Amino acid sequence: MSLLVKFESKSARVKGISFHPTRPWVLASLHSGVIQLWDYRICVLLDKFDEHDGPVRGICFHNEQPIFVSGGDDYKIKVWNYKQRRCIFTLLGHLDYIRSTFFHHKYPWIISASDDQTVRIWNWQSRNSIAILTGHNHYVMCAQFHPMEDLVASASLDQTVRVWDISGLRKKQMPGGGAPRTGTGQQADLFGQPDVVVKHVLEGHDRGVNWVSFHATMPILVSGSDDRLVKMWRYNESKAWEVDSCRGHYNNVSSVLFHPNAELILSNSEDKSIRVWDMHKRTSLHVFRHDNERFWVMSSHPNLNMFAAGHDNGMIVFKIQRERPAFTAAKEMIYYVKDRQLRKFDTTTGKDSSMAKLRAPAAFMLPYYSLQYNPGENAFLLSASSHNKELCTYDMYKVTTREGECSDAPVVARSAGVATVWYTLNRYAVLDKNQQISIRDLSNKEVRKVELNQPCNDMFFAGTGKLLLRNEDGVQLYDVQQKRAVGAVKASKVKYVIWSRDMSHAALISKHQLLIVDREMNVVCTHQESTRVKSGAWDDEGVFIYTTSNHIKYALLSGDGGIVRTLDVPLYVVTVRGASLFCLNREAAPVEVPIDPTEYKFKLALINRRIDQVLNMVKGASLVGQSIISYLQKQGYPELALHFVKDEKTRFGLALECGNLDVALEAAKVVDEKAVWEALGEAALLQGNHQIVEMAYQRTKDFEKLSFLYLMTGNTEKLTKMMKIAQMRNDVHGHFQTALLLGDVDERMKILKSVGQTSLAFLTAATHGRTEEAEEFKGELEAKKQSVPPVSEKAALLMPPPPISKMADNWPHLQSSRSILELKLASATTQAAPGKPKPAAAAFAAADDVDVDDAGEGWGDDDVYLEEGEEREHGEGGEGEEGGGWDDDDLALPDLPEEVAAEGEGFVAPVRGQPPAAHWPNNSKLVADHVAAGSFDTAARMLHDQLAIVHLGPFKPLFLSLHARSRVSLEGLPSAGSLFAYPLRNWEEAAGRAGLPAIGVKVADLATKLQAAYHHTTAGKFSEAIEQLRAILLSVPLLVVATKTELAEAEQLIEICREYLGGLLLENRRKELPKSTPAEQRRNAELCAYFTHYELQPVHRILTLRSAVNTYFKMKQLKTCMGFCRRLLDLGPKPEIATQIRKVLSAAERDPTDAHEGWSYDEHNPFTVCARDLVPIYRGKPQSRCPFCGTTYSPQHEGSICDVCQVGQIGGHASGLRISVLQGSK
């Protein structure tokens, strides 16, 4: 038996829980006064209700209406409508805390228990109290209706449980539809029996009783008390008595109830445990402990095998034992286990029959986990799983009965084993509790033992001679003959493995993940789910259909996936047959579920380029919805998506994406919005279709852009009309600007004069040689006593160059071949409408042209639109003139789609080419080449895989610098922007697509920077040296080297930078330490000694040793000081330094002892220094390293970022530095 946690919430203490009868909802009332509504299937908090003042202890959903009731420490009972998300009314009457509230299963009643020592029954329709049950003399902790009979049970801290008869209340309240009787009947009741009478008083607990529950069908009660006992009581019409006690809890029992479908009792307690008891033996079957949290309440689902328990920090929703039936499929048959029977279901005929009776333990106590079928021997392997591996067993049955018969099948083998699968036709493999594999024959005799060198906790079928072994890290494909793993994949906690019918692919199902791998365990695709993945099966075309808690979904090998349909209850897929899914439900009953496979078959046909299937589905147009449209867009088929779209705005966006300006123009005319016309104008401008651009500018009344378009196309006539329109609109600025573009001096002078700019008008006239007008303007200025501006001798005429030729046609397009899909699609569309020929693009262009030329008289009006009617007229006229002049009766033309033969259909917008840098990531596996190409994402992933680099912030300036170095900028035409050239390092042997970027960072450059860092170190500028050394270290992965010598130099650079950075960072930390106490002085001296063990250059090691000699000599650590002196003299210092050190050595040799003992420093024991804790890690002790720089750390720092390089993850997995050309070649 196992307790399976399905959902867990974190909140304040949960005092009340209630399941919704049909929806996957659970209510939790908290000690903080908040009521939470959770969806336990998708683990989402749906709503909060917060009106109670103080803890809420009672909560209950109604089984039919959208309401629930709550009771709290504010003496109030509130009834809520969760659809309206508010409290609809409040019931007042209790005088103390309310402990529990429940609805009646049939009548409009609520029962409540309170600390005022009473139980009240309320009518929630009339909103009044209909009965008060008095008799307890202490707090009433719980009161519940019997699920079937007219009984009420109450539990109190007076150590009693009372059973009440409410049949009188029912007779009184119900005959009139819930209203009390009036008249003589009510008068007689005053002298008859009361509405509610005490039937039994159960005494037996030694302390207060916290909870009581009825059994649904038997006359049994169960109660939980502060005396730590769970007691069972039996009752009849005349008496009640104690049956037995369940002992095991070692603190107050908070809640207790019967399992609705099994003969079990569940209880929880303040001892932080949930216990499951056998109702007949009264023994504990299972204990679930929850550390540090006491349990307060428990509830069961009214229909499902689902329970919830509230504790100090939230609640858990759990199941007792799994509900998934054991099943397998073979050809057209489904084999499954139900009610201790082995059954088979024929998917072709729908016949369900029993094959054999199984001799197994109680199904609920230890159900079968898996079923394996051997068709050659007609034998079955059934495994019974448990968390306790000692209890795991398997049975092997050979079924020999004829069709339609059912008998007790003899158990050929029943043995202990964690997992068992068929290995060959007459052998099967058993995984035992010691994680070893035993190969057995059909008589259960061991024929071979396989010793595993690695842990294994489960085993799956993998074909003849091979096994799939699961461990904590993933799944391994194990070849038994070779005794080794031939493939592996990382996948956490794989529960099921389903192979495709040709054994080419396998689906690995985990709790929330679906992983599809090939035969060699290479990952093909991964799908993450927010809810649990339940089961799956492969169809005939290699599509994996799987179910989650609430959906049937599909997964393609390409990585695409989607939803087939939703589910009300979980189902377990066994096999797929066309458009039918054969499943088993939780009652182990076969269910045939119809599905619509159109969507995934369409995607599959599109991926496999099965054009005929795609066209058939397009004609049928059975695919609808935004998902298929977005899929076609992502896959690069926007022209195909146009056939599924009816919304003109969506058609417009798709048409722009595939460059189809004709369809976009039609859609824009229908939508007729400013934003749409602006987008169309921008797209047409990129393609050089200035006629559509002109129409778009006219529709948006963008006169400035329209004027500039006419200037660029040399259309001076329409530019003149634009000037007149600006004048009529009183647009002075536009009027003057258009006159400037036209070079109309007279008009410019007139405009300047009209706006009072006489001086500017004079300058314009004088500059352009208009003497008479200049004199006139001069006279006006003098008359107004305004100064006459001087005319510069260097002034030049401001005249635009005249257009060489007027651009009448659109920009010519490159001719490109259309794909087979487009041709067949066009052909299918043409055949679908034979009586409606489609006009060619050339005719459409001519119509535009005619419209533009014929629009002359309309430019005087404010409305600058081209009439759509005129455009249609010209288009029709052009086609009519062309139709009658040709005689092609004698021509034998091949059958081609009309769009292929039509003029201009083969011309599309030229595709913008890719720069050489776009090909660099495909040609190289080196980080530097990806950075130079601007592919920072892939470079970051490579750094993570190669060197476990997780913090990329320090790399940003290096990335940007290297990317900028990869190209040079050249000046092109004036005002045309810069051109970029991309220098290549392999220009002699390759170019274009095969090129690689020139090297931006070289080892020699880093060596020069290293010398500068040495100088800063010598000068004592440690902060500057650290900054330079770290920049050098980060530059090493961005190198590209061609020889082994350079590769060795780069690796040496990393070591040098690591040693210097470690030593300098330690020295900076040492200088920041205080030195006031002996302990602080000792720590300072130890760090000084550690500094001497870093592999620095001799000149710097001499400096570290001199510092250590001075420190230890002053602190009378003469023995240790002698070691420093000898190491310093071995380095050959200058004569004056050597003389001084010899004096210190001779002084120390006179008394070679240390004044202080127990220091951490031991010069004779080899060690490395933890860069974070600055403590020695002696040889043989556990340690972790940074994969990038190699710095050593204590194991507890594993997973954090390295302090030396500041980018690598300590203890991370990495493949190693890769900067060589040979390493990076594909």
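Any Cβ shown, glycine's included, is placed from N, Cα and C.
Curation does not apply to TrEMBL; its annotations are automatic.
A quick note: this is a predicted structure, and the numbers were derived from the prediction, not measured.
The following features are taken from TrEMBL:
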type	residues	note
COMPBIAS	878-893	compositional bias 'Acidic residues'
DOMAIN	341-585	domain 'COPA/B second beta-propeller'
DOMAIN	626-769	domain 'COPA/B TPR'
DOMAIN	845-1223	domain 'Coatomer alpha subunit C-terminal'
REGION	868-893	region 'Disordered'
REPEAT	49-90	repeat 'WD'
REPEAT	91-132	repeat 'WD'
REPEAT	133-167	repeat 'WD'
REPEAT	202-243	repeat 'WD'
REPEAT	246-287	repeat 'WD'
- prompt: Which range out of 49-90, 91-132, 133-167 gives the repeat 'WD' (202-243) the most CB pairs under 8 Å?
  reply: 133-167
The domain 'COPA/B TPR' (626-769), counted residue by residue under DSSP: helix, strand, coil: 117 helix, 0 strand, 27 coil
Query: Per DSSP, how many helix, strand and coil residues does the repeat 'WD' (246-287) have?
result: 0 helix, 24 strand, 18 coil
Message: Counting by DSSP secondary structure, give me helix, strand and coil numbers for the repeat 'WD' (133-167).
response: 1 helix, 20 strand, 14 coil
Model confidence over the domain 'COPA/B TPR' (626-769) (mean pLDDT, whole number): 80
Query: How many helix, strand and coil residues does the repeat 'WD' (202-243) contain under DSSP?
result: 0 helix, 25 strand, 17 coil
- line: For the repeat 'WD' (91-132), the DSSP helix/strand/coil residue counts are 0 helix, 25 strand, 17 coil
For the repeat 'WD' (49-90), residues assigned helix / strand / coil by DSSP: 0 helix, 24 strand, 18 coil
